[in-house]
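Peer 1: Please see the structure below; I have some questions.
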Amino acid sequence: MNNIRNFSIIAHIDHGKSTLADRIISECGAVDSRVMSAQVMDTMDIEKERGITIKAQSVRLTYKLEGQIYILNLIDTPGHVDFSYEVSRSLASCEGALLVVDASQGVEAQTIANVYIALENNLEIIPVINKIDLPAAEPQRVKNEIEHIIGLDCSEAIEVSAKTGVGIKELIETIIRKIPPPKPGENNPFKSLIYDSWFDNYLGALALVRVYDGAVKKGDEVYVMGTDKKHTVLDLMYPNPIAPIKTNELKTGEVGIIVLGLKNVSDVSVGDTITLAKNRALEAIGGFEKAKPFVFAGLYPIDTDKFEDLRDALDKLKLNDSSISYEPETSAALGFGFRVGFLGLLHMEVVKERLEREFGLDLIATAPTVTYEVVQTDGVSVEIQNPSELPPVNKIEFIKEPYVKATIITPSEFLGNIITLLNNRRAVQTKMDYITTTRVLLEYDIPMNEIVMDFYDKLKSATKGYASFDYEPSDYRVGDLVKLDIKVAGEAVDALSIIVPEEKAMSKGRDFVKTMKELVPRQLFEVAIQASIGNKVIARETVKSMGKNVTAKCYGGDITRKRKLLEKQKEGKKRMKAIGKVTLPQEAFLSVLKID
């Protein structure tokens, strides 16, 4: 028990977290050097391609020091803001964390966010300065930054290079010396926290747990508190990225996989507590927050017959990613689909990509929206995620929208660009701090709606990619918001409705109809494209009809004959216009996302 160390690695994207994990694994000899691949911990293809960690992974390592064998459980965490939920989950099951900072880049916005999660969990934090082999490395400057921003003492910070392997041995020994062993339970009944669960085609739903009290053996009957169900333990394993290692017992402080042979991962949902059926723990393990979706979008199969396939795919994906929520919805324009809730934009992209890749679906995603709180004139307040659910204008007292607290770290030369960008996004500055003479930390309150579309891309281009950005939800505030509807040939297209601030409605509406005019195919009759708020049309464009020469057959002859044919054509067009349907191409729905 005293020889167990549970720790995770905190870092901003690209600061070398997965490489450092690989280095520690190979130093401990857990994975054969022939099998060792770059980024052993990142098992998904998307993770390797994008160079990001999405799912938290774990590995059990052994290390010999001064004649004693130590067990190190390394719990990998994602660095990206959308997956901070995975981070808080991983950190809840550790006693310590390595704070990895790139020696040339310095502290970034997401590093700060994750450190605060670690400090809230009272973890022992070891600062690690990585990439000291780079010519641009300035370890001393980075140590000063950590002390200035986070307030951690860096006198004993460890300098390593995960690429060349310098300092890795010293790092492992520091982990053993500094990170405390798990606290022993006072002979309490078995109690463990599920901090990850996923689906295996052979074994069913697997629960990755951290044991807090007692022990569990193969064949024991266990009780899952959240679902109020009993199951028999079929197998126990220690996690390893290549293949799990079987064991007969999991004891206090250990991290392991429990196999219960379940068909459904919702039976072992993340954050739940597993205890023994006979000798139950009295209360569940607390301090665990469920993920709350922030961004909602409609996902529709391009082939409408594939609706059930999409449902199956989402069910299976939820097994691995407990943070998505979804419910069926229908759209007059797109047919049947789902309203899916995501943690953020990167999460939305990754989920859509995984659905298309792993399940072979072709999907249309509508414009992402956030949850609004609408207080009606009768005093009733409702939450809406879809603009088409908004009550009629005369029934709305006011609308509240979610705000986020954003932290941005940027080189000072781009400060002007960033302030301009944020002012255009209705942001309010709350703090500005010069970390060094060349780097600035900014804090802003921004409406969530302003960052869900393309804020991250715009920020990167305003700062040539040097700024880092992180956000956390803060509160709901009353906003001056209206619903902008788009009508094509007199019919409102529900999938194109968006909620916008009133002062931006005119310009958005104009841009909208202009873009749509280019995309709607020409018909045999005129098509009006209108942007409206309630019944008031604020912008309009017309797609001209295709000409058809009805008088071509008349050679010479009387003018009245031609006039008669032209009149007849005019009548026909009028009738067509009244009943004509216009089909919108896929690009029309995506164009919404591109309008600034």
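The chain as shown is numbered from 1 upward.
Note that Cβ sites are derived from N, Cα and C of the backbone, with glycine treated the same way.
Straight from Swiss-Prot, here's the annotation block:
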- 2-183: domain 'tr-type G' (DOMAIN)
- Asp14, His15, Gly16, Lys17, Ser18, Thr19, Asn130, Lys131, Ile132, Asp133: GTP binding site (BINDING)
Peer 1: Which three-state DSSP class does Asn130 (GTP binding site) fall into?
Peer 2: strand
Peer 1: Taking the Cβ of Asn130 (GTP binding site) as centre, how many other Cβ atoms lie within 10 Å?
Peer 2: 32
Peer 1: Ten-angstrom check, please: count other Cβ atoms within 10 Å of the Cβ of Ser18 (GTP binding site), all chains counted.
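Peer 2: Around the Cβ of Ser18 (GTP binding site), 26 other Cβ atoms lie within 10 Å.
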Peer 1: Could you tell me the mean pLDDT over the domain 'tr-type G' (2-183), as a whole number?
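Peer 2: Computed over the domain 'tr-type G' (2-183), the mean pLDDT is 72 on the 0 to 100 scale.
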Peer 1: Let me know how many other Cβ atoms fall within 10 Å of the Cβ of Ile132 (GTP binding site).
Peer 2: 20
